[in-house]
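Asker: Dropping a structure here in structure tokens format, bear with me for questions.
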């Protein structure tokens, strides 16, 4: 996930909701749908699940997720891919991106940097989006550093509370930090080590390795993204969250 030093000082959490919305929760009720989740899954012929990739920057999350996306599409599945860098251009954009169009006040309230609270909100937003997709029967691939275990656990609870146990598959892309530093495709580690980027996971910010992920992809010399994506396919089939290929 790309990180920008200029965004670290801005945190939406420091702003108050305001605008007379403090009691809005009292006036919001859940509107039941006529079409159920089961109806949608039956129509698609699949189970809506979230495959959540986590790991250090440069570990291979996005590359493996893209390969898995292709394998799933090729076998007739309906899926979508949410990537950490891409959502920072819209849904979870930093203040610097929002400021020009929406103004400084809006950007300060809703733009997200990379401090602990902003990271928490980033994953909360993504978790809510993945829940919407999964409840529609879509297989969701989410590739995010998501460094804090508590935030990943909250997403898991959101997904499984609205669906079933087992609807959230945590994939730990376990690539050693030294290998990630060597890859450094965006030059971020070099900048972080030089002090040009703050709150960088693995350098100046911690990463909570998953203690018991559903899928643990340990780095092995010579293993390709296709090999790793195929391993995930096999595990999904084994767990009964992915049916046979269609067509």
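Backbone N, Cα and C define each Cβ position, glycine as well.
Model, not experiment: these values are computed from the prediction.
If you look up Swiss-Prot, you'll see 146 marked as active site, phosphoserine intermediate, on the strength of sequence analysis. The ATP binding site annotation in Swiss-Prot covers 55, 56, 57, 58, 59, 60, 61, 62, and the record cites sequence analysis as its basis. What Swiss-Prot records for 1-24 is region 'Disordered'.
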Asker: If you draw a 10 Å sphere on the Cβ of residue 59 (ATP binding site), how many other Cβ atoms land inside?
Answerer: 26
Asker: Could you give the Cα-Cα distance between residue 57 (ATP binding site) and the residue listed as 'active site, phosphoserine intermediate', in whole Å?
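Answerer: That comes out at 10 Å between the alpha carbons.
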Asker: Can you give me the same-chain residues 6 or more apart in sequence from residue 55 (ATP binding site) with a CB-CB distance under 8 Å?
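Answerer: Non-local contacts for residue 55 (ATP binding site): 61, 145, 172, 173, 174, 175.
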Asker: Reported as an integer number of Å, what is the Cα distance between residue 146 (active site, phosphoserine intermediate) and residue 56 (ATP binding site)?
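Answerer: Their Cα atoms are separated by 9 Å.
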Asker: Need the DSSP three-state call for residue 61 (ATP binding site) to compare against my parser.
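Answerer: The residue in question, residue 61 (ATP binding site), is helix (DSSP, three-state).
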Asker: Within the same chain, and leaving aside 55, 56, 57, 58, 59, 60, 61, 62, name every residue whose CB is within 8 angstroms of the centroid of the CB atoms belonging to the recorded ATP site, in sequence order.
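Answerer: Residues close to the ATP site, other than 55, 56, 57, 58, 59, 60, 61, 62: 145, 173, 175, 180.
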Asker: Just counting, how many other CB atoms are there within 10 A of the CB of residue 57 (ATP binding site)?
Answerer: 29
Asker: Could you work out which of the recorded positions (62, 146) has its C-beta surrounded by the smallest number of other C-beta atoms within 10 A?
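Answerer: Among the recorded positions 62, 146, the sparsest Cβ neighbourhood within 10 Å belongs to 62.
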